[in-house]
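Peer 1: Pasting in a structure now, in structure tokens, and then I'll have a few things to ask.
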Amino acid sequence: MYYGFDMGGTKIELGVFDENLQRIWHKRVPTPREDYPQLLQILRDLTEEADTYCGVQGSVGIGIPGLPNADDGTVFTANVPSAMGQPLQADLSRLIQREVRIDNDANCFALSEAWDPEFRTYPTVLGLILGTGVGGGLIVNGSIVSGRNHITGEFGHFRLPVDALDILGADIPHVPCGCGHRGCIENYISGRGFEWMYSHFYQHTLPATDIIAHYAAGEPKAVAHVERFMDVLAVCLGNLLTMLDPHLVVVGGGLSNFEKIYQELPKRLPAHLLRVARLPRIEKARYGDSGGVRGAAFLHLAEK
């Protein structure tokens, strides 16, 4: 059995998956804000409850909105203060008497999609999240590529490519990023960036859902904005594809629901790839909100 915890700022969700990778049980509880011992006790209690339900001890994986230290498993996650700076992996492993694996929730998203029955046929899978920010994960032969510092999937912190400046104008502001740098692509091609660019060019603020609705109705500003956004997205993704050369790209996050992306990217990407490059398959994520739990559960499966 495979147990996956999706640990967020407000809730902890546990999903239990059988040997056929089907979810057979799940439970949600609130996340303690500040109390680390309470957090450990909740995770222990949920694990033991799952063991009782299954009649066996399952493997345990945890997805967090942050980064585990690559050397000692210490957790860095501002969204879960009770776990921030704590040796969660070592402490919980000791409490439940089995190895616990922890990874970034974006990597868990990518792993979940890569283990889809159809997608498993692809040797390299790029999970790309276009949500409040931009991130994701790279899966090679069913396993996460984390990198030395566990930041392989931090795609949103690439700087805006020079070709994007041709589209947006050389005077486009280099927006300050939460990472401490300026001009990171997540400030332009995320859902938040989608709204910011509209506001920048038209001095009018609208939520992404309204912009897309205006686009569907043929409103000229919204149409021009979407065209510009798709061009910038193609430039940024083209750079990423040239570097990683995946067989499959799976798109998640709020903007993944904008179907125009899957129509436009295949037409616009070739101009930004090497001539010998073949386009990867580009698909919308299949597992939605359950992807984090699935991917966390499969952190052990990926090592088999």
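Every residue gets a Cβ built from N, Cα and C, even glycine.
From Swiss-Prot, for reference:
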type    : residues                       : note
BINDING : 4-11, 133-140                  : ATP binding site
BINDING : His157, Cys177, Cys179, Cys184 : Zn(2+) binding site
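Tell me about the surroundings of these features in the structure.
Peer 2: Spatially close to Gly135 (ATP binding site) yet at least six residues away along the chain are Ala106, Ile129, Gly153, Glu154, Phe155, Gly156, Glu186, judged by Cβ distances under 8 angstroms.
Cβ-based neighbour count (10 Å, all protein chains) for His157 (Zn(2+) binding site) stands at 19.
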Peer 1: In sequence order, which residues at least six apart in the same chain have a CB under 8 Å from the CB of Asp6 (ATP binding site)?
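Peer 2: Those within reach of Asp6 (ATP binding site), by Cβ under 8 Å and sequence separation of 6 or more, are Ile12, Glu13, Gly15, Gly63, Asp105, Cys108, Gly292, Val293, Ala296.
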Peer 1: With an 8 Å cut-off on Cβ distance to the His157, Cys177, Cys179, Cys184 Cβ center, who else from the chain surrounds the Zn(2+) site?
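Peer 2: For the Zn(2+) site the neighbour list reads Gly156, Gly178, Gly180, His181, Glu186, Asn187.
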Peer 1: Count the other Cβ atoms sitting within 10 Å of the Cβ of Cys177 (Zn(2+) binding site), across every protein chain shown.
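Peer 2: Result for Cys177 (Zn(2+) binding site): 17 neighbouring Cβ atoms inside 10 Å.
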Peer 1: Which one is closest to Thr10 (ATP binding site) in space, judged by CA to CA distance, out of the binding-site residues His157, Cys179, Cys184?
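Peer 2: Checked the binding-site residues His157, Cys179, Cys184; minimum Cα distance to Thr10 (ATP binding site) goes to Cys179.
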